[in-house]
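First up is the structure itself, then whatever we jot down about it.
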Amino acid sequence: MVMEILDRSPVAIHDKTSANKNIVMVAVENRQPNVYNLLLEKRILIETLFNAVDDEGNSALHLVAMATHHQPWLIPGAALQMQWEIKWYKYVEDSMPMHFSMRYNKANKTAREIFTEKHEELVKNGSAWLNTTSSSCSVVAALIATVAFATSATVPGGINEGNGTPTLERKPAFNVFSISSLIALCFSVNSLVMFLAILTSRHQERDFGRNLPNKMLFGLSSLFISIAAMLVSFCAGHFFLLKDELKYAAFPIYAVTCLPVAFFAVMQFPLYLDLMWATFRKVPKCSSTAVS
């Protein structure tokens, strides 16, 4: 829509609101990356629009720093919202001249000071969300680590007294059991360490940009892998206890046993996907797109 308006009436790019805000200010204030990128492409022709200020002396960077109720990127969790707010601020700041970050408005405040002040509540909510999520996941990770340690120290079938080697070491299921139990132990410990690191973090504003989300992403990835590996080790270890005629009949039971993990993964996948999207994407993207 903006492209069509500018194509038909190029002079409309100089229109302003009642508060003396031009199109650049309105775009950044309402978190519209697509519109802002379009304006960046035309920046050589409209450089004056990027240097303008409104009636309150706010530049475009000041308006980016202000929290708004309009959130085009609909992602769950205050921590992820804070991460995208930081990325949006940094993206606009990097596209502005260096002196913009030190410019004062009529209230004698810089854009960075406004950002810290306006996002104080979001930082608190993000810290509470991270602590709650990390506490719940750390309990699960600790339980898996305990079970995985006991499983990895247990040798199915016992030890051969003659040479001290496992009696079932030549069985394919034994190799699956050994490797999966080791994976479950290692990844559950890694997951536990990541969640504890989040709980003991200072939760400062800058930590929400990359540090805390990366820890949460690595912790959740390790937790999912450890849960899957624990189930595989359980099925492989239980396989030795069945008689030959019952072994193949146990496969459906093993599949049913894995269903809770599958449901858990499906339920948590949107959060995991949003976390990956917010972590690896440089510029936030609007959740809604126009239909031509």
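From the backbone N, Cα and C atoms, a Cβ is placed for every residue, glycine too.
Residues annotated as domain 'PGG' in TrEMBL: 128-240. Mean model confidence for the domain 'PGG' (128-240) is a pLDDT of 83.
Residues annotated as transmembrane segment in TrEMBL: 139-159 (among others).
The transmembrane segment annotation in TrEMBL covers 179-199 (among others). A Cβ distance under 8 Å defines the sequence-distant neighbours of the transmembrane segment (179-199), meaning residues of its chain 6+ beyond its ends; these are 130-131, 134-135, 137-138, 141-142, 144-145, 147-149, 151-152, 212, 215-216, 218-220, 222-223, 225-227, 229-230, 232-233, 236-237.
Taken from TrEMBL, the feature transmembrane segment covers 220-241 (among others).
Here TrEMBL flags 253-273 (among others) as transmembrane segment. Same-chain residues lying 6+ beyond the ends of the transmembrane segment (253-273) with a Cβ under 8 Å from its Cβ atoms: 76-77, 217, 220-221, 224, 227-228, 231, 234-235, 238.
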